[in-house]
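The structure is given below, and queries will be raised subsequently.
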Amino acid sequence: MRDYDEVTAFLGEWGPFQRLIFFLLSASIIPNGFNGMSIVFLGGTPEHRCRVPDTANLSSAWRNHSIPLRLQDGREVPHSCRRYRLQAISNFSALGLEPGRDVDLEQLEQESCLDGWEFSQDIYLSTIVTEWSLVCEDDWKTPLTTSLFFVGVLLGSFVCGQLSDRFGRKNTLFATMAVQTGFSFLQIFSVNWEMFTVLFVIVGMGQISNYVVAFILGTEILGKSVRIIFSTLGVCTFFAVGYMLLPLFAYFIRDWRMLLLALTVPGVLCFPLWWFIPESPRWLISQRRFREAEDIIQKAAKMNNVPTPGVIFDPVELLELTSLKQQKAIILDLFRTQNIATITIMSLLLWMLTSVGYFALSLNTPNLHGDAYLNCFLSALIEVPAYITAWLLLRTLPRRFIIAGVLFLGGGVLLLIQGVPADYNFLSIGLVMLGKFGITSAFSMLYVFTAELYPTLVRNMAVGVTSMASRVGSIIAPYFVYLAGHNWKHWLYYQGLGWNVIFETAMHGLRYDQMAFEEQRLTSWNKATWKYWPSTLLTGSH
């Protein structure tokens, strides 16, 4: 019997049909890049200070001294959340007393911003922060907004696979595109922070579902030699292109509602792709819709200018439709022995911490020195060489050393930032981008790295469970950015990040049968004494 790849081998690997699918599916990922990071500008926090109402009876001297000063980066700046008690300074002004000369400002009582805030428009005309005053006592709402978006991403991760299995890859792809684009458009009409955030959660669900289903559809249609390039360079690079478009849109459109409107346009432009992207023939075969699957393959053969055999799909011949019973794995199998449990726990930590690093660096660009738009563009641009480097390294070097190396690179340079003087803006930004390069490279390698640590029986489950840990990392990442705004040395956690990589997979001869996993099952803890008897390591001998 032949499998699907053997049956469709006559199409070739890289004809016009495959190139069309490669680029169209990759292009459908572009809106994911700017939707996933749009909160960087939608939720930007400009400089602000307490508003002193025009009706306050203050002299010009007292109005200029109504805001206390605080130290920031070694210099005095107006306080963002406090002002001198308005009633007191009004009385001093009425008596003709001068601030600093007749009245000691350090002894004056302070109060919160009872009349709201004045926001600088040097960088943003408006954001959700200025719209709903998400500062001072309410500044926690901005990172929560981002975290809840990633909660939506987590929820979407659970349902997208089931939806695509039931309703088809193509239908689910365009339905989730509609969810992402439609609810992004509805956010424009948000009347309060709560409404905006609820809609943002749904956008997150659509965003990850679109990404995952496009990934699945591409890997099922494209040939073996093209799948690796598609799943690394194709999908990831086009995501980075969308990410690079975000600061370009935001630079010219500085009102958050108009920016959201502009960001929905590329999503709308993706819908005509419906007439060019076919359903997955593999999925059609699994549903016994052989005629439709053959029609797609015949159109592909015509586009590639190759002859087709008389019968393409023979139901008896296809391995996908055989009724062979295979042993099922459960999640407890990932912890069945000490060796595989150690691999699982360390993989969970690795995924989570790398995700925290990637998203914290991406979301933190407005807090860096220099231009926020340029910093965001550079953060997106550095991902392209990071993906290319990761792909090249994975083809030549052992996994353990390259992942440990890029993590040490990312963590090490971020530690160096702590010692860079505030005046050396270009050096600090350069180190941040080098750190982003390392973390992004590591993130793109994790799927391959994790898949090679486990045997076939539990591989999909292991990749799914560990990638869920990355969703947890993305949920908590906004709070590292929040702490950064309060001058915490939050990057110090990277110091030991590279040490989490303690495994090395076999470069060749990975065992794809169930024997390897059965050997692990034979190695177990004694339930009474928790004593472990070692046996053959999962990754093989070296």
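Every residue gets a Cβ built from N, Cα and C, even glycine.
Pulled from TrEMBL, these are the listed features:
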type	residues	note
DOMAIN	88-542	domain 'Major facilitator superfamily (MFS) profile'
TRANSMEM	20-42	transmembrane segment
TRANSMEM	172-189	transmembrane segment
TRANSMEM	195-217	transmembrane segment
TRANSMEM	229-253	transmembrane segment
TRANSMEM	259-277	transmembrane segment
TRANSMEM	340-360	transmembrane segment
TRANSMEM	372-394	transmembrane segment
TRANSMEM	401-420	transmembrane segment
TRANSMEM	426-449	transmembrane segment
TRANSMEM	461-485	transmembrane segment
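Describe each of these features in terms of where it is and what it packs against.
For the domain 'Major facilitator superfamily (MFS) profile' (88-542), the model gives a mean pLDDT of 78.
Within the chain, the transmembrane segment (172-189) has long-range Cβ neighbours (under 8 A, six or more residues past its boundaries) at 28, 31-32, 35, 156, 160, 163-164, 196, 199-200, 202-203, 205-207, 209-210, 213-214, 217, 257, 260-261, 263-264, 267-268, 270-271, 274, 277.
When Cβ-Cβ distances below 8 Å are used as the criterion, the transmembrane segment (372-394) is approached by residues 33, 37, 40-41, 44, 123, 228-229, 232-233, 236-237, 239-240, 243-244, 246-248, 250-251, 361-362, 365-366, 402, 406, 429, 432-433, 436-438, 440-442, 444-445, 448 of the same chain, each at least six residues removed from its ends.
Within the chain, the transmembrane segment (426-449) has long-range Cβ neighbours (under 8 A, six or more residues past its boundaries) at 231-232, 236, 350-351, 354-355, 357-358, 361-362, 368-370, 375, 378-379, 382-383, 385-387, 389-391, 393-394, 399, 402-403, 406-411, 413-414, 416-417, 420, 463, 466-467, 470, 505.
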Using a Cβ-Cβ cut-off of under 8 Å, list the residues of the same chain that are 6+ residues beyond the ends of the transmembrane segment (20-42) and lie near it.
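Distal contacts: 124, 127-128, 145-146, 149, 173, 177, 180-181, 184, 200, 203, 207, 210-211, 214, 217-218, 221-222, 226, 230, 234-235, 237-247, 249-250, 256, 259-260, 263, 266-267, 270, 273, 276-278, 303, 362-363, 365-366, 372, 376, 380.
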Should anything in the same chain at least six residues away from the transmembrane segment (229-253) have a Cβ under 8 Å from its Cβ atoms, list it; otherwise answer none.
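Distal contacts: 22, 25-27, 29-38, 40-41, 211, 214-215, 218-219, 222, 259, 262-263, 266, 362, 372-374, 376-377, 379-381, 383-384, 387-388, 390-391, 394, 444, 447.
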Please indicate, using numbers and ranges, the residues of the same chain that are 6 or more beyond the transmembrane segment (461-485) and have a C-beta under 8 Å from a C-beta there.
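Beyond its ends, the transmembrane segment (461-485) has Cβ neighbours at 45, 139-140, 142-144, 146-147, 150-151, 153-154, 157, 329, 331, 333-334, 344, 347-356, 358-360, 363-364, 367, 443, 446-447, 450-451, 453-454.
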